[in-house]
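**Q** There's a structure below that I have some questions on.
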Amino acid sequence: MTTNYIFVTGGVVSSLGKGIAAASLAAILEARGLNVSMMKLDPYINVDPGTMSPIQHGEVFVTEDGAETDLDLGHYERFIRTKMSRRNNFTTGRIYSDVLRKERRGDYLGATVQVIPHITNAIKERILEGGEGHDVVLVEIGGTVGDIESLPFLEAIRQLAVDVGREHTMFMHLTLVPYMAAAGEVKTKPTQHSVKELLSIGIQPDVLICRSDRAIPANERAKIALFCNVPEKAVISLKDVDSIYKIPGLLKSQGLDEFICKRFNLACPAADLSEWEQVIFEEANPAGEVTIGMVGKYVELPDAYKSVIEALKHGGLKNRVSVNIKLIDSQNVETKGTEILKDLDAILVPGGFGYRGIEGKIATARYARENNIPYLGICLGMQVALMEFARNVAGMEDANSTEFMPDCKYPVVALITEWRDEEGNVEMRSEDSDLGGTMRLGGQQCNLVDGTLARQLYGAPSIVERHRHRYEVNNMLLKPIEAAGLRVSGRSADHSLVEIIELPNHPWFVASQFHPEFTSTPRDGHPLFSGFVKAAAEYQKRQVK
C-alpha cells in the first residue's frame with residue numbers, strides 16, 4: 001500500500017488554525033472509510049515541549065505511548081479515531097539531537113554534516129516512518145512560511161514530493177484573506193505574496209485554504225486561482241464559525257475531499273458526517289447551562305488547559321447542557337479568599353507544577369468538600385485534595401508534598417524513586433534528576449474497586465488512562481487518611497500506586513492522578529467529565545430548590 005501525503009503549511013500570519021483545518025479535513029477523509037493519520041512538525045529547538053512554560057506554549061498533550069507533544073495532537077485525536085504516538089510529532093531539537101548523536105558515533109563516516117542532506121534526510125525518514133500503514137497522512141508544518149526556522153522542514157517536504165512522487169503528495173497552504181472595511185472588500189494580495197514565498201523554495205501549492213471573517217466571493221476566489229496557479233475548485237473559503245465542529249461540513253460542502261480523492265486516485269464512498277451533525281446539534285441545543293470554576297496556575301493562557309476545557313464541553317454535550325467555564329487564578333484564592341468561588345455549580349482543579357498558588361488550590365479543595373460542591377481533581381488536583389483532607393480531617397496538620405516542602409512532618413505525596421523506562425529497565429531518580437522526559441508518562445492500567453463511584457462511572461473493572469507526573473500518594477501514610485473517610489477507588493496494575501480517590505460521604509468528589517482529559521472526544525465524551533457535568537447540573541437544581 002502506498003501512503004499519500006498532504007503537507008499543510010501556513011502563510012501571512014500565525015494562529016490561522018492549521019491544526020483545526022487539517023484535523024477537519026482528516027475527519028472527512030476518515031468518514032469516507034480511509035485510514036488517516038496526522039503529524040505535526042515543530043520548528044523550535046526544544047527536544048519536546050515537556051519543559052516549556054504552559055503560559056508560552058500552551059498545554060503539553062500526552063500520547064498513549066508517553067510522548068510529550070504539541071497541543072495540536074489533542075485536536076487530531078478529538079477529530080479522528082486514530083491515536084497519536086511519539087511518531088506523530090517531532091521538533092527541530094529532536095532532529096538535531098538525533099543527527100548529532102549519529103555524528104558522535106561515527107555513523108556518517110567522517111562526512112561534513114550539513115543541513116542538506118543530513119538534517120533534511122532525518123526529517124524525511126521520520127515523516128515516512130510516521131506514515132507507514134495509512135492511506136492518507138496529513139503533515140502540518142509549524143510556523144509560518146518565511147520563518148527561518150521552518151526552512152529545513154519545507155526543503156524536506158519539497159524533496160519528499162520528488163522521492164514519493166507527485167501523484168502521492170499534495171501541498172495545502174492556509175493563508176489570510178483580510179476584509180478591509182474602508183474599501184468594503186477582501187484583499188487577496190497577502191495570499192499572492194505568501195504563495196510567491198512558497199514558490200521561491202520550490203513548492204507549488206495544490207490547494208489554498210483562505211481564512212477570513214466572512215465567505216470569500218466567487219470572483220475573488222477566481223482571482224486567487226489565476227494569480228496563484230491553482231484550480232478554482234481548489235481555492236477553499238474558510239470563514240470564521242461559532243463552532244470548530246462545523247468546519248468538516250464547511251470543507252465538504254466545497255468539495256475538498258472529492259478533489260483530494262480524485263487527485264490520489266482513491267475510490268471510496270461519500271463521507272458520512274452524521275456523527276458530526278449530531279455533535280453540532282447537541283452543542284446548539286442545550287437544555288440548560290452550568291458554571292464550572294477551574295482553579296489553576298496558568299489561567300492567563302486558556303490554551304494551557306486546552307484539553308480540559310474541551311473535555312468539559314464534551315461533558316456538556318453528553319448532558320445537553322452548555323458549560324460556562326470560569327478560569328480562576330489559584331493565587332487569587334490565596335489573597336482574596338474562597339469568596340471568589342461562590343456561585344459555582346462545580347469546581348475543577350487541574351494539573352500543574354511548582355509551589356506558586358498551591359495553598360489556593362488546597363483552600364479550593366476544602367471549600368468544595370465542606371460545601372458539598374462537585375469536585376474533580378486532576379493530577380496535582382488530586383494531590384491537593386489529599387493534602388487538604390489529611391490536614392483538616394485526618395489530623396495531619398503539616399501534611400504536604402515533598403515537591404513543596406521536602407522536610408514536612410507528613411509527606412502524604414512524595415517522589416517516586418524507582419521507575420521503568422520505555423524499554424522496561426528499572427531506573428533510580430531523585431529530586432536532582434533531569435526534568436525533561438523523566439516523568440511517569442503515557443497510558444497506564446488502573447484497576448477500579450467495586451462499589452465506588454469511579455467504578456460506576458466507568459462501567460468497567462479496569463481502565464487505561466494517561467499520566468504525566470513525578471509525585472505520587474505516599475502509601476506509608478495512607479491508612480489514617482482512609483480511616484478518616486477518604487476512599488482509594490483505583491490503583492495501578494501492581495497495586496503499588498494510588499490512581500483515583502473519592503469521598504463516599506460527599507455528593508460528588510472524585511480526583512485522579514491521571515489525566516482523563518487526554519482521551520475525551522466530542523463524539524464519545526469521557527465518563528469522568530460526563531459524570532462531573534451531570535453532578536454540576538444536579539447541584540444547580542438543588543440550590544434552586
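Including glycine, each Cβ sits where the backbone N, Cα and C put it.
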**Q** For the ATP site that Swiss-Prot assigns to S15, L16, G17, K18, G19, I20, K239, D240, V241, which of D72, D98, D163, D303 is also named?
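**A** Looking at D72, D98, D163, D303, the one Swiss-Prot places in the ATP site next to S15, L16, G17, K18, G19, I20, K239, D240, V241 is D72.
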**Q** Given Swiss-Prot annotates G352, L380, G381, M382, Q383, E403 as L-glutamine-binding, which of R263, R470, R487, R491 belongs to that site as well?
**A** R470
**Q** Look at the CTP binding annotation in Swiss-Prot, where S14, D147, I148, E149, K187, T188, K189, P190, T191, Q192 are given, and name the residue from K40, K124, K223 listed for that site too.
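**A** Record source Swiss-Prot; matching candidate: K223.
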**Q** Counting other Cβ atoms within 10 Å of each Cβ, which of the recorded positions D72, E140, D240, E403, E517 scores lowest?
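**A** Least crowded of the recorded positions D72, E140, D240, E403, E517, by Cβ count within 10 Å, is D240.
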**Q** Using Cα coordinates, what distance in whole Å links G19 (ATP binding site) and E140 (Mg(2+) binding site)?
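**A** Counting only the Cα atoms, the answer is 7 Å.
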**Q** Pop the mean pLDDT for the domain 'Glutamine amidotransferase type-1' (291-542) in here, whole number is fine.
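**A** Average per-residue pLDDT within the domain 'Glutamine amidotransferase type-1' (291-542): 92.
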**Q** May I ask which of the binding-site residues S15, D72, D240 is closest to H515 (active site) if we compare their C-alpha atoms?
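**A** Its closest listed neighbour, by Cα, is D72.
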**Q** Based on Cβ atoms within 10 Å, give me the single least packed residue among the binding-site residues G17, G19, P190, G352.
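**A** P190, out of the binding-site residues G17, G19, P190, G352, has the fewest neighbouring Cβ atoms within 10 Å.
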**Q** Centre the Cβ atoms of G352, L380, G381, M382, Q383, E403, R470, go out 8 Å, and tell me which other residues of that chain have a Cβ in range of the L-glutamine site.
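**A** For the L-glutamine site, the extra neighbours are G351, F353, C379, V384, S401, V413, H469, Y471.
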